[in-house]
Every structure is written in C-alpha cells, then in structure tokens.
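Novice: Reproduced below are the annotations present in Swiss-Prot:
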BINDING   Arg87, Arg97, Arg121, Asp211  substrate binding site
SITE      Tyr128  site 'Important for catalysis'
SITE      Lys178  site 'Important for catalysis'
BINDING   Asp211, Asp235, Asp239  Mg(2+) binding site
BINDING   Gly271, Ser272, Ala273, Pro274, Asp275, Ile276, Ala277, Gly278, Gln279, Gly280, Ile281, Ala282, Asp283  NAD(+) binding site
Amino acid sequence: MKLAVIAGDGIGPEVIGEALRVLDAVVPGVEKTEYDLGARLYHRTGEVLPDSVLDELKGHDAILLGAIGDPSMPSGVLERGLLLRIRFELDHHINLRPGRLYPGVQSPLAGNPEIDFVVVREGTEGPYTGNGGAIRVGTPHEIATEVSVNTAYGVRRVVQDAFKRAQQRRKHLTLVHKNNVLTNAGSLWWRTVQAVAAEYPEVEVAYQHVDAATIHMVTDPGRFDVIVTDNLFGDIITDLAAAVCGGIGLAASGNIDATLTNPSMFEPVHGSAPDIAGQGIADPTAAIMSVSLLLAHMAEIDAAARVDKAVAEHLATRGDEKLSTTQVGDRILGKL
C-alpha cells in the first residue's frame, strides 16, 4: 500500500503520529510519503496545493489527513484551495461519516441510547461547486446567489453506494432531503432512490425531511441505519450525529472515490485546535478510527476490524481519565 500522509496544521501532526503507529502495527510495511501542506506551506511559498503535489497524490492508494486550519490564514483559503480542491480533483463523491456510540462513551442524550448508523453524504455537488455570484456588492441592492447543482449521474452513484452499505448492514436506508420545498432537486433524489431500490428488494426505504431528521437523530437515533443525503444537508447532520455519539473528537470520516480511480482520503473530523497544539494532550482516537475506515476501504478487512475493536475496548475502559496523546496511542496499541 502506498499512503500519502498530510499531517497538516495544529494538532494534526500529533494525532497522525499515533494513527500511523497503529497502522504500522496492523499492516507493517506500508510505503508512506509525507506532504507538508497547510498554513506553513502557504506562508513560506504563497501556494496551497501545487499542481505537482496534486499529481503525486494521485499516484498513491490512499491519503491520511490530520487537520487543516490556522488563525493566521485568510478565511476560506485552505478550505477551498486545499480540502475542496482535493475533493473535486480526486472525485471524492462519497463523504462517509459513521455515527456510533461506543460503550463507555457518554452521549448528551438521556439514557445513552444504542446508536449505530452511517451517513453517506454526496461530496462533489450541491451548493459547494462554486456556482453562484454576487452583484452590486456593498450596496443596499446587493444580490448574492449560491446555486445547488444536482446531476442524475452524481446522485445515482451516491445512492447506489448507500444501498450497497445498507445491504451489508441492517438493510434500512433513509433519504434525507427537503423535497416539499426544494422540489426539483428533491424530486431527482427521490426518483433515484426509488429506481435503485428496485435492485435491492431486501432494503427497506424511508424518507425524512431534513428538519424532521434532526429531531429524530436526537429523540430516536436508533431508527437510522444508512442515511443518504446531499452535500449541504449532509454537512449539517453529520456534525449533529457526531455530537450525539459523544462529540466531534471521536468522529472519523472518509472522502471516497467509489470507483477506485483516485485515492480516497481519510481524516478525523475535528479541527486543528491551535490552542492546544504542541502540548501533547490532543486525543488521537478519531485519527485512529480514520485508519480503520481507510483499511476497510482498501479491503484490509481483518486489520480494520482489529483497529475498531481495539478502539472500542479502549473507550469502554477509559472513563474520565485524562490521557496524553501518546498515552491514548499506547492504550489502543495495547488492545490490538
């Protein structure tokens, strides 16, 4: 396996260091190439993602990312110039966000309900394509638009991926949208779900408006198995999912090209946390969980299961104990 490693900014290098220790323990011999992308490169060269580096990334099997973001950076420069550019250039049309409440982790929801679902979010369309603009900026007559782009091709491949995952899980899929108001895009999504559902007769299909889904994710999260949704709604509900599962510090994600044409990228959802960077107190659990997603994507199923099991056992016994970054890595390594 050829792995590109982007440690990034803030606590990124610290959490990725522990994630790589776990990766090496379960799959020895992974060929790694480290790339210094983020605020340091920008301040040094004025570049965010050089074309030559992007070409090199394409030659790897997968990418592991730490965190991107620094208060010294202009807003949006790294997000659009690095993260979104990688997503679009490498066709990461699937954003995969598991939502699982592990034993031993405290949910803000009463009774610590059983939660185990996955959100399949469309990653390259919607209002994130940059299709829009503004006129008469700064005047009382300013007009700003953000156009949400939904293509039959783009929607279908995400829906197909979601059905495949539902078939392998508890055989239940929920489309989350707002088709009573967003009638054009909503109709395309619902018709696509109905068409693909015919190929998966064992999978039960449900629909929820996005506002209703946010309520049910809090009041009855156990009803969800696989959620499929568009880019914007997915961006919102996945953070809510992380919150009910114990916090964004335990949230892993995958940005996936399901065709395997390009390397997929895996990362913890948390930010770069510059306020605690370098102190050795950042929790690397989400980065290690991202390694499990990476291994599963690369068909290293046994290794992925070992990492997931080790994380689960660590969380089940950790309690409120304050551990350093390295101590968390040591504990999880000890559970392998």
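Indices start at 1 and increase along the chain as displayed.
The backbone N, Cα and C atoms fix where each Cβ goes, and this holds for glycine too.
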Novice: So which one is it: of the binding-site residues Arg121, Asp275, which has the fewest other Cβ atoms within 10 Å?
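Specialist: Asp275, out of the binding-site residues Arg121, Asp275, has the fewest neighbouring Cβ atoms within 10 Å.
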Novice: Please report how many Å separate the Cα atom of Ala273 (NAD(+) binding site) from that of Asp235 (Mg(2+) binding site), as a whole number.
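Specialist: Checking the Cα atoms of Ala273 (NAD(+) binding site) and Asp235 (Mg(2+) binding site) gives a distance of 20 Å.
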Novice: List, in sequence order, the same-chain residues at least six positions removed whose CB sits under 8 Å from that of Ile281 (NAD(+) binding site)?
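Specialist: Correct list: Lys322, Ser324, Thr325.
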Novice: Report the residues of the chain - excluding Asp211, Asp235, Asp239 - with C-beta within 8 Å of the mean position of the site's C-beta atoms, for the recorded Mg(2+) site, in sequence order.
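Specialist: Same chain, not in Asp211, Asp235, Asp239, Cβ within 8 Å: Val210, Thr214, Leu232, Phe233, Gly234, Ile236, Ile237, Thr238, Leu240.
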Novice: Any same-chain residues 6+ apart from Arg87 (substrate binding site) with CB under 8 Å of its CB? Would you list them in sequence order, or say none?
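Specialist: Result: Gly123, Thr124, Asn255, Met265.
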Novice: Under a three-state reading of DSSP, tell me whether Arg121 (substrate binding site) is helix, strand or coil.
Specialist: strand
Novice: If we check Cα distances from Asp239 (Mg(2+) binding site), which of the recorded positions Arg121, Tyr128, Asp211, Asp275, Ala277 wins as closest?
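Specialist: So, spelling it out, the nearest of the recorded positions is Arg121.
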Novice: What kind of secondary structure is Arg97 (substrate binding site) part of, going by DSSP in three states?
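Specialist: Reduced to three states, the DSSP call for Arg97 (substrate binding site) is strand.
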Novice: Any idea what DSSP makes of Ile281 (NAD(+) binding site), helix, strand or coil?
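Specialist: Looking at the DSSP assignment, Ile281 (NAD(+) binding site) belongs to neither helix nor strand, so coil.
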Novice: May I ask which of the recorded positions Tyr128, Asp235, Gly271, Asp275, Gln279 is closest to Arg97 (substrate binding site) if we compare their C-alpha atoms?
Specialist: Asp235
Novice: Pop the Cα-Cα gap between Asp275 (NAD(+) binding site) and Asp235 (Mg(2+) binding site) into the table, whole Å please.
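Specialist: It is 25 Å, counting Cα to Cα.
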Novice: DSSP three-state call for Asp275 (NAD(+) binding site): helix, strand or coil?
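Specialist: For Asp275 (NAD(+) binding site) - judged by DSSP and reduced to three states - the answer is coil.
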